[in-house]
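Here is what TrEMBL records for this protein:
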type   : residues : note
DOMAIN : 22-80    : domain 'Cathepsin propeptide inhibitor'
DOMAIN : 105-307  : domain 'Peptidase C1A papain C-terminal'
SIGNAL : 1-16     : signal peptide
């Protein structure tokens, strides 16, 4: 009888604590619900997510990352990620360039410090919107790298014109590019190719077929990467900071997309720097660092890099040398022509 009473007291204390956390959560994130029934539903999800987080922390005391309650804690992970897709079914059969050369590559790279990455967005409750958001970010970053001008692209245009279960880049290439966000701010639910002028485009779509993170290192020197991943774990939804490395992540399916903007090493652990689309209050100000070299969550299973023939705003040393010799050859040819005239 005493044990029963004690267990009731403990249970009541825990529930009281969870209710207190729930009220704090609603206050911190300005949560409001249309009906009492709706609030009860989300409170139950909140409690279940907290319990899962605590179980993970207890069973993985040596985890290389931490979790915390964030603005998504009253949601189901299924409401945030899209339909699971098999990597085998989505990889195109066309052969694209791949390179394993990593000689003389820097130990770390972060495209954010170069001013070519737009602010973190929040995709909202439209799961399939993530494809449009990240695909737009890849193109606008490529445009910024080439022109030294960062202009936010229209993910609404991509959503209206190139909805797909896979990546939309073939469709966007046929459209010749994307519009500015300021010219096409809202989803119209129908495609009008003449809605706005194209400002950013690409010429080449490189799709990784080898799952080689070495090739990814080579590719990211030129531009950011688009990657499909398995984000279905609650540990991903409640990620706080650190290098994400979990034992139960799929490598052959994907249900979410991220923009890989760099890489580095922390305490001997190599990682990718990835931009998510769940707002700045998630993770490391909207970003997550995922362990590199393990194909964690399939990060190397469905990767795309774009390239463009647009002239860069700043030439590389090798480009300057090539231009010098080209000018020299043209000058010599002109002088030889004068001699024969």
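Backbone N, Cα and C atoms are what each Cβ position is placed from, and that goes for glycine too.
Heads up, TrEMBL stuff is auto-annotated, nobody curated it.
Across the domain 'Peptidase C1A papain C-terminal' (105-307), the prediction's mean pLDDT works out to 94.
As a summary of secondary structure, the domain 'Cathepsin propeptide inhibitor' (22-80) carries 35 helix, 3 strand, 21 coil according to DSSP.
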